[in-house]
Structure formats: C-alpha cells, structure tokens
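**Student:** I'd like to ask some things about the structure below.
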Amino acid sequence: MEWSEVEVHTTNEAVEPVANVLTEFGAAGVSIEDVADFLREREDKFGEIYALRREDYPEDGVIIKAYFLKTTEFVEQIPEIEQTLKNLSTFDIPLGKFQFVVNDVDDEEWATAWKKYYHPVQITDRITIVPSWESYTPSANEIIIELDPGMAFGTGTHPTTQLCIRALSDYLQPGDEVIDVGTGSGVLSIASAKLGAKSILATDLDEIATRAAEENITLNKTEHIITVKQNNLLQDINKTDVDIVVANILAEVILLFPEDVYKALKPGGIFIASGIIEDKAKVVEEALKKAGLVIEKMEQQGDWVAIISKRGVE
C-alpha cells in the first residue's frame, strides 16, 4: 500500500484544532513534533523512551504529521484539507507561518514514524497517560490511562486536555455521573472512570471519534462504565441530574450550549469547559453566567483557559 504524509507547520495553540481536522478527513495516525517536549524537564522514571535528538524537532512552532492511505479520493481532497486548515484562522486560532506539505511514504515508515514522538505524559501527581505499546510500571496509587494515538487525536499532550484532567481530578467524586461532550479519543471519559465516576456518557458528532473512543475505552477496561453515543453536543440528552459535564472543544462551540449544560446539571453540579483560547475566555465566561452558571475558577496553561462553573444549589 502507498501512504501519504501531510505535514503542517503551525503554532502550539493550533495543535488540537489542526489535528482534529486531519482526523476528521480520515487520517490513520497523527504525530506532534514540539520542541517543548524535548526541552522540558522530565522525571527519571520515564527513562530511555526519551532518547531523542534535538534535530528531531522544529526550531519554532509545532509540526503535525498525519498519515493517509494514498487513494484517488484523498488526492482529490488535498486542496480541501489545506483550505479547511487555513480557515481555522477565522476562529481566531493563530496558525503562525503555516506550511502545508504532502509527501509519499512507504507502509513501514508511516506505521512507526509517529510513535517516537508520543511518550508517557504525567498530567498530575497521580494520573499518567501511557502509549498502549509502552511497558510502564506505575508508582503506588498512580492512575494509568492507556491510549493509542493512531486512532484519534486526544493524547493528553495538549494543554486543553491537561487542564480538563486536572479539573476532573479536583472536582470529581466517587459515584458521580458525568457527560463528556466532544469526547474525541475518549481520554476524559477514561480519566473520569478511573477517578471513580459511576457512569459516563461520551458524545461526539464525528463517527471516527466515537469509534476511536470505543477502542480506547475497551483498551482501558472501562466499557462497563462509559457509554459512547454519536450526538451533536447535548441535543436530545434528556438528563437533569448530572454531577459533571466536561467539554474540551473550541470556545465558539461552547457558546452554543450553556443553557443545555445548566439543564443537564443537578443543583451544585460542575461544568468544566476547556479548549478556550485566552482571547475568548471573557465571552465564554459571560455566556456561562447568562445561562445561570456560577464561575468557580479559571485555570490557564500557556494561551489556553479552562473555566470551571457550577449550577447553584436551589
């Protein structure tokens, strides 16, 4: 089989939306090459899996590589893929210098190339995301989430995902009922299950994402707790007693359903909203307040913001 590698040079802020677009067009795998991963300090327990060279990484920005089976349909879609990525700037997502290149690769090369850039990611002092092919010995009480990033984007490396998982760690109580809106790879649902949630509904509009989530959920043996549903946000989700709603999606999408979140939450229930670029935080905050939610706190990592809000106790 012949494969094509789509290489996009962009900003760190654009990583998640760019990778999501590539996945939605049918990418079989996505890798992220960020110099920050090379330069940041790491604990010894991650060991030799970090034996990489500085020249493996771009001088600035981030390179995202996605792998597609080279079919006539894919070749015809290349201009559409490039234009869709460029259109992300209309959502105030900074694309930086933005370079879009398509290369041919052989079967063996694509199947392994992205793996060298994906490593265990320690999100909190007790939650670590580990590639499914890596052997990893957890410390006492450490929670391990296994993911295969070849299935869909959502590996835990992006600040928005990390902000969500940290908020879940802070607010989720054993026995809680959770809805994960825009589940992607299912990482937030899996984290919720491993933190003790009683039941989780994971929704995503994209069929590729729901299939990927189901595979990762099975990999983590949490399928008895998590139900995956292809669905548009919270439409036709007739729940009114949910403890936590979590959504790691763009600010423009979050603005579409604060009222539905309010209706779904029980009094005192928590809404964790991430995927919000700093410039959009204020407008999201105001929309949440208008829907009747009370802002608990805001957390920031780089240019990304998570807003934690609550339905008041009536």
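Think of each number as a place in line: the chain as shown, counted from 1.
Each Cβ is built from the backbone N, Cα and C atoms, and glycine gets one as well.
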**Student:** Which one, Asn103, Asn232, Asn238, Asn248, is listed by Swiss-Prot in the same S-adenosyl-L-methionine site as Thr161, Gly182, Asp204?
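**Tutor:** Matched candidate out of Asn103, Asn232, Asn238, Asn248, per Swiss-Prot for S-adenosyl-L-methionine with Thr161, Gly182, Asp204: Asn248.
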**Student:** State the three-class DSSP label for Thr161 (S-adenosyl-L-methionine binding site), counting H, G and I as helix, E and B as strand, and everything else as coil.
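**Tutor:** Assignment for Thr161 (S-adenosyl-L-methionine binding site) reads helix.
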**Student:** Test of understanding: give the count of other CB atoms lying within 10 angstroms of the CB of Thr161 (S-adenosyl-L-methionine binding site).
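**Tutor:** Other Cβ atoms within 10 Å of Thr161 (S-adenosyl-L-methionine binding site): 26.
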**Student:** For Gly182 (S-adenosyl-L-methionine binding site), what is the secondary structure state per DSSP, taken as helix, strand or coil?
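**Tutor:** Looking at the DSSP assignment, Gly182 (S-adenosyl-L-methionine binding site) belongs to neither helix nor strand, so coil.
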